[in-house]
């Protein structure tokens with residue numbers, strides 16, 4: 001089968017009488033309810049559940065091994081190859097399956113707020129609630145949007161279609177398969193809506209660097225003077241909390257590109273975690289959950305239809321999807337200039353990284369590649385001890401290219417635009433987990449504020465002798481003694497032992513990167 005046949009198949013599918021094109025949020029909400037796909041909550045949002053899969057399925061994600069891309073992809077456990085033949089067989093099956101549905105829902109929009117670099121996308125859904133999710137998460141076309149001649153990337157989403165690993169070349173009945181040559185993503189066997197969002201992000205992480213644009217898994221905001229700040233950080237580091245700032249406007253909460261003219265949001269909406277969400281702690285997210293929003297796997301009271309954000313009955317990974325304009329404090333369109341400050345957030349449960357340090361370009365590249373945080377792992381006896389977690393470029397599951405490509409682009413951007421880079425530890429102080437305490441949020445906010453407002457540019461710096469980090473001697477609103485982690489530990493020997501242990505974990509993790517010896521030497525720990 002050749003690509004002409006695939007295109008013809010797709011056109012035949014899109015013109016089927018059962019296809020509903022570009023329905024409004026209200027129309028899709030009606031469809032969700034009439035088709036019993038979800039319920040309406042007390043605030044007017046749609047709530048859907050996703051069955052067995054309440055998160056991504058990384059082991060079921062593949063990239064088609066094609067002539068034009070096979071020498072560019074960083075093949076391995078994240079980017080698993082699948083043959084063109086297997087893809088085309090599955091494609092035919094999925095298209096046939098979708099044609100037989102009573103109704104299909106199609107959204108046509110974009111990824112990328114900057115018109116120069118936007119990618120047209122077409123999302124074909126078996127479920128109306130998935131189409132509402134896509135409509136609210138991606139960029140919705142406006143009346144004056146020019147028709148693009150570029151062929152769209154198409155998502156074919158068939159959650160109730162299940163693959164047969166014996167004949168289809170998959171690992172299970174679930175599959176997420178990207179073909180760059182056919183500009184197609186096949187998703188089947190999972191109802192988790194986040195697969196659509198992250199598949200488009202993975203594609204942009206391949207396409208944007210080819211145009212000399214750094215694609216980034218980060219949030220971004222801008223101050224009144226046009227000063228842009230980027231926030232990188234893995235789950236639990238405080239990225240959402242710290243980038244939602246009443247004095248600054250949100251550019252985006254999760255995915256961005258950095259071009260020659262500045263930063264732009266890749267999406268048109270937000271996909272916020274909502275476990276333990278409260279109006280007091282995160283009013284912007286809480287108040288965005290209204291008519292047109294989608295709640296995923298959130299427990300809702302049968303009678304009052306009120307959401308219970310503290311209940312993790314379905315999963316800890318409860319989510320809300322809503323268009324970005326449901327937040328008041330935003331930039332429109334979602335673009336701004338070059339960043340003046342970049343913040344890497346980590347939650348170090350060993351309690352040995354400083355609460356804030358300023359990084360050289362090489363250190364920035366090193367810590368970007370490392371993508372460190374720690375998580376607390378339970379044991380049978382209920383005792384918890386920290387575990388190191390490294391996620392390359394703070395977004396390892398979504399990077400099709402070798403890691404050094406992104407790190408070198410970051411280094412180049414820092415050189416060209418003079419951004420200051422900071423490593424901020426939102427984790428433990430005065431000892432590790434169990435003996436120390438979590439860094440006070442008010443202190444972290446004060447440190448981040450000082451960093452992004454340029455107040456640390458001329459600060460006196462003290463160089464840490466284990467990690468080589470440059471720690472400010474003073475930060476407005478923060479007690480001086482907590483800035484040096486060793487000062488907060490009663491047992492200095494134990495501090496040193498734990499710090500050297502973590503430094504060695506960094507070095508061990510860094511061995512996996514090719515073409516990075518110079519970065520490791522200039523940016524890594526000193527011990």
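All positions are counted from 1 along the displayed chain.
Cβ atoms here come from the backbone N, Cα and C positions, even for glycine.
Given the structure is predicted, the values throughout are model-derived calculations rather than measurements.
Record check: Swiss-Prot places 198, 217, 233, 234, 235, 236, 237, 238, 239, 240, 241, 282, 319 at the ATP site, and the matching candidate among 69, 435, 444 is 444. When the candidates 35, 47, 56, 445 are compared with the substrate site entry in Swiss-Prot, which names 192, 198, 319, the shared residue is 56. In the three-state DSSP classification, residue 235 (ATP binding site) falls within coil. Less than 8 angstroms from the CB of residue 217 (Mn(2+) binding site) sit 201, 232, 254, 255, 393, 394, 395, 398, each of them six or more residues away in the same chain. The DSSP secondary structure for residue 319 (substrate binding site) is strand. Listed binding-site residues: 235, 241. The one with the lowest count of other Cβ atoms within 10 Å of its Cβ is 235. Put simply, of the binding-site residues 233, 235, 237, 239, 241, the one whose Cα is nearest the Cα of residue 319 (substrate binding site) is 235. Among the binding-site residues 56, 239, 319, the residue whose Cβ has the fewest other Cβ atoms within 10 Å is 56. Sitting within 8 Å of the Cβ centre of 56, 192, 198, 319, and not among those site residues for substrate, are the Cβ atoms of 55, 193, 194, 195, 197, 271, 317. According to DSSP, residue 241 (ATP binding site) sits within a helical segment.
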